[in-house]
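The block underneath contains the structure these notes are about, expressed in structure tokens.
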Amino acid sequence: MKAQPKASHFIDGEYVEDTDGTVIESLYPATGEVIARLHAATPAIVEKAIAAARRAQPEWAAMSPMARGRILKRAADIMRERNRALSELETLDTGKPIQETIVADPTSGADAFEFFGGVAPAGLNGSHIPLGQDFAYTKRVPLGVCVGIGAWNYPQQIACWKAAPALISGNAMVFKPSENTPLGALKIAEILHEAGLPKGLFNVIQGDRDTGPLLVNHPDVAKVSLTGSVPTGRRVAAAAAGNLKHVTMELGGKSPLIVFDDADLDSAVGGAMLGNFYSTGQVCSNGTRVFVQKGIKTEFLKRLKARTEAMLIGDPLDEATQIGPMVSWAQREKVVAYIEKGKAEGATLVAGGGIPNNVSGEGYYIQPTVFADVTDDMTIAREEIFGPVMSVLDFDDEDEVIARANASEFGLSGGVFTADLSRAHRVVDRLEAGTLWINAYNLAPVEIPFGGSKQSGFGRENSLAALEHYSELKTVYVGMGPVQAPY
């Protein structure tokens, strides 16, 4: 098997196997070929990982942020040196085209290690509060053992986005990747260990929906950070609340992308395509409700159709390929069902809508699909599809489109394309979402916070804001004189 790791889990600085766990087969989405066979964590493996993290964390927390940061920056350097191999593994794991993974996956993970390794001494500062002759100060302290639960669309990136702020803040982490993409996180653990991270501080265990509750409900876990669907987020948040654990939830979305009639049309079309077809549409922040002002709708659709039908679908390891397969057969079938629902409910099919015939029949391929004349009540306009399906809706004026854009339970992202920057800022101020773009879409550098509102979650990934979610404030009052007591 072309991507078989040394063992299923990485615990306390070494690979660990336990064949008593349920078998997890890793399939290459382009062909359906089994590329690795692993085992889900048993309760004993979960205990072993959490015990290793708990044992290692106090000594790590006692190190200076600068010393911790040096290790993270070394890990970033190693990732960049091995970017090609890591990108190919990510493509095998996810089916995403190599032309994407080589610029967007391990590289963004390395950016996270470099960023947090460099800024933590400033980001973890406390404050001094003068109180007359007395004074107080605050300091940021780590939470302890953190659990990270990853999704299958950006497995290496997500592992790094969670590990970097957790580790630099002085925590230890047990990370569970998605069972669909189990391979990349093991390499991240290997690289961190090679960079000098002490044993037990970043552990990776495999698992499925039965493994998550063992982690979330464990009494030694202080924080849970999940990237996943809204239903999963609700279950995890409810379980974590039972023990008052800290939580970060980066969940799904049905985000609006608004194109006004004064926008640069080619840029707007490009933004809509990036916001719907990148990673074969498997991006939580995608702007899948594309609102186009009526006066430019015909020309917008004409250019969109031409560019969509020109996209190259094929082998993800071919650098010319622009669209790869879905991550799994089940996900493809889910997306196909949504496409059929769009047709049945009266949306106009502009492009795609079927299975491409120029690729392996065993792969999980689907054509990038555009629907027009979509109304707000259609299923494809209300529910997260998580595939390459764009819904184009038309609108008349600003107030109307803002009201319709906000009429969703989700609030992860949104975008505005317009030449009028006053209007752009006015609109984003009124949109109910955590992450917004003006004349751009789906750019998420590690320097800026990323996260949602409403049913799309809470807490923030990346930037200095992430440190607030992996640490807590300790307040110290210092009395400088005798205590005055009334008794």
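Cβ from N, Cα, C; glycine included.
Taken from Swiss-Prot, the feature active site, charge relay system applies to Lys162, Glu461, supported by sequence analysis. Residues or ranges marked as active site, proton acceptor in Swiss-Prot (evidence: sequence analysis): Glu250. Swiss-Prot lists Ser26, Asp93 with the feature K(+) 1 binding site. Annotation source Swiss-Prot lists NAD(+) binding site at Gly150, Ala151, Trp152, Lys176, Pro177, Ser178, Glu179, Ser229, Val230, Pro231, Thr232, Gly252, Cys284, Glu384. Swiss-Prot lists Leu244, Lys454, Gly457 with the feature K(+) 2 binding site, giving sequence analysis as the kind of evidence. Sequence annotations record features per position, and here Swiss-Prot assigns cysteine sulfenic acid (-SOH) to Cys284.
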Listing them in sequence order, which of the recorded positions Ser26, Trp152, Lys162, Glu179, Leu244, Lys454 have their Cα within 10 Å of that of the residue listed as 'active site, proton acceptor'? none
Which of the three DSSP states, helix, strand or coil, fits Glu461 (active site, charge relay system)? strand
Around the Cβ of Gly150 (NAD(+) binding site), other Cβ atoms found within 10 Å total 26
If you count Cβ atoms within 10 Å of the Cβ of Cys284 (NAD(+) binding site), leaving out that atom itself, what do you get? 25
What is the Cβ neighbour count of Val230 (NAD(+) binding site) at a 10 Å cut-off, with all protein chains included? 20
Find the shortest Cα-Cα separation between Glu179 (NAD(+) binding site) and the recorded positions Asp93, Lys162, Leu244, Lys454, Glu461, and name the residue that gives it. Asp93
Between Pro177 (NAD(+) binding site) and Asp93 (K(+) 1 binding site), how many Å separate their Cα atoms? 11
Using a 10 Å radius around each Cβ and counting other Cβ atoms from all shown chains, which of the recorded positions Asp93, Glu179, Glu250, Glu461 yields the largest count? Asp93
If I take the alpha carbons of Trp152 (NAD(+) binding site) and Lys454 (K(+) 2 binding site), what is the distance between them in whole Å? 23
Which of Ser26, Pro177, Lys454, Gly457 has the fewest nearby Cβ atoms, counting only those within 10 Å, among these binding-site residues? Lys454
Do me a favour and check the Cα-Cα span between Leu244 (K(+) 2 binding site) and Val230 (NAD(+) binding site); whole Å is fine. 20
CA pair Asp93 (K(+) 1 binding site) / Lys162 (active site, charge relay system), Å rounded to integer, equals 19
